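Trainee: According to TrEMBL, the feature signal peptide maps to 1-21. Per TrEMBL, the feature domain 'Plant heme peroxidase family profile' maps to 22-315. The site 'Transition state stabilizer' annotation in TrEMBL covers Arg59. TrEMBL lists His63 with the feature active site, proton acceptor. The Ca(2+) 1 binding site annotation in TrEMBL covers Asp64, Val67, Gly69, Asp71, Ser73, Glu85. Sequence annotations record features per position, and here TrEMBL assigns substrate binding site to Pro160. Residues annotated as heme b binding site in TrEMBL: His190. Under the heading Ca(2+) 2 binding site, TrEMBL lists Asp235, Thr238, Asp243.
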Amino acid sequence: MTHFSRTLFFVLSLLSSSTNAQLSTNFYDKTCPNLQTIVRNSMEQAINGEPRLGASILRLFFHDCFVNGCDASVLLDDTGTFVGEKNAAPNRNSVRGYEVIDGIKTKVEASCNGIVSCADILALAARDGVVLLGGPSWKVALGRRDATTASQSAANAHLPSPFSDLSTLTSAFAAKGLSARDLTVLSGGHSIGQAQCQFFRARIYNGTNIDTSFAASRRSICPSSGGDTDLSPLDSLTPIHFDNNYFSELVAGRGLLISDQVLFDGGSQDPLVRIYSDNNAVFFRDFGEAMIKMGDITPLTGTAGEIRTNCRVVN
């Protein structure tokens, strides 16, 4: 191999192993040097007030990235002439944390007007929420721009259901360039946060692969009829601490949602769930890597999209 060939091979290898070539961890270093501090301090204030918001912002980022990429389309409000994604079935009366992003955006605009996208603010806030609740950190590549469109139909079609089986979940993630391993480790985001009774009622009353004492304890929270919006933590051991207990609960048959327990039910992901339940460090490492991959789903870069002034409306 010639020197030129070796150099070319090295450069191509670097490109193939990096995130989207137009995203960069130092994208705002000169144009908005205080960005990361602003986001971190704002998330700390939010989580001190309500720890659940760490999970809410993480889910908000997931619901953004899975619908036409990480472009802040999920943040757009419906208007008389515009239909956004907030009222899609998986989001309506369920996704939350919009006001936190609004507050961060206001502070960022005051520091560096018209520079930072809502999509990047959401990506940073999701990472910081996890860190503040005891979870891993990862380098967030930046440079995303904000969508001027949204798709309620894509949100209804692409966001996985809490009633999904493993093959459906695997296909949904594969469609976004994410592996079955990514699916399993990102499901570990359910280490924090809560679910509504209507989404786990079928499992605790009709499930066969569920720990009986766990089912009984959840029935005390979630009646067989009514109480649809009553909440239960997704991880009942350490509900506001990000750790690998979610996976230990799956091994014990104590996954709250059908889409949780399918990861440990005699299928392909059982060995990986066991690894994560035994080794928090491996879970943390893989979670950070998978979040980087998810944050790289078809971002708008360069001159595509815009930098929204208000995250709720197109400029």
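Cβ coordinates come from backbone N, Cα and C, glycine included.
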Trainee: How big is the Cα-to-Cα gap, in Å, between the residue listed as 'substrate binding site' and Ser73 (Ca(2+) 1 binding site)?
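Mentor: Here the two Cα atoms are 17 Å apart.
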Trainee: Counting other Cβ atoms within 10 Å of each residue's Cβ, which of the binding-site residues Glu85, Asp235, Asp243 comes out lowest?
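Mentor: Each of the binding-site residues Glu85, Asp235, Asp243 was scored; lowest Cβ tally within 10 Å is Asp243.
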Trainee: Counting only other Cβ atoms and using a 10 Å cut-off, which of the recorded positions Arg59, His190 scores lowest?
Mentor: Arg59
Trainee: Across all the protein chains here, work out how many other Cβ atoms are within 10 Å of the Cβ of Pro160 (substrate binding site).
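Mentor: Within a 10 Å radius of the Cβ of Pro160 (substrate binding site) lie 18 other Cβ atoms.
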Trainee: Over the domain 'Plant heme peroxidase family profile' (22-315), work out the mean pLDDT and round it to an integer.
Mentor: 97
Trainee: What's the CA-CA gap between Asp64 (Ca(2+) 1 binding site) and the residue listed as 'heme b binding site' in angstrom, rounded?
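Mentor: Here the two Cα atoms lie 17 Å apart.
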Trainee: To test your reading of the Ca(2+) 2 site: which residues beyond Asp235, Thr238, Asp243, same chain only, put their Cβ within 8 Å of the Cβ centroid of those residues?
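Mentor: Counting only non-site residues, the set is Ser191, Ile192, Leu237, Pro239, His241, Phe242, Asn244, Asn245, Tyr246.
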Trainee: Compute the mean position of the Cβ atoms of Asp64, Val67, Gly69, Asp71, Ser73, Glu85, which form the recorded Ca(2+) 1 site, and then list in sequence order the other residues of that chain whose Cβ is within 8 Å of it.
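Mentor: Going along the sequence, the neighbours appear as His63, Cys65, Phe66, Asn68, Cys70, Ala72, Val74, Ala147, Ala150, Ser151, Ala154, Ala155.
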Trainee: Looking at Cβ-Cβ distances, which residues of the chain lie under 8 angstroms from Asp71 (Ca(2+) 1 binding site) while being 6 or more apart from it?
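Mentor: Counting only residues 6 or more apart in sequence, the Cβ neighbours of Asp71 (Ca(2+) 1 binding site) under 8 Å are Asp64, Ala119, Arg144, Arg145, Asp146, Ala147, Thr298, Pro299, Leu300, Gly305.
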Trainee: State the count of C-beta atoms found within 10 angstroms of the C-beta of Thr238 (Ca(2+) 2 binding site), not counting that atom itself.
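Mentor: There are 18 of them.
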Trainee: Long-range neighbours only, meaning 6 or more apart in sequence with Cβ under 8 Å: which ones does Val67 (Ca(2+) 1 binding site) have?
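Mentor: For Val67 (Ca(2+) 1 binding site), the qualifying residues are Ser73, Val74, Glu85, Ala150, Ser151, Ala154, Ala155, His158, Leu159.
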Trainee: Cα-Cα, whole number of Å: Arg59 (site 'Transition state stabilizer') versus Asp243 (Ca(2+) 2 binding site)?
Mentor: 16
Trainee: Asp64, Gly69: which of these binding-site residues has the sparsest Cβ neighbourhood within 10 Å?
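Mentor: Relative to the other binding-site residues in Asp64, Gly69, Gly69 has the fewest Cβ atoms within 10 Å.
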Trainee: Would you mind reading off the Cα separation of His63 (active site, proton acceptor) from Gly69 (Ca(2+) 1 binding site), to the nearest angstrom?
Mentor: 9
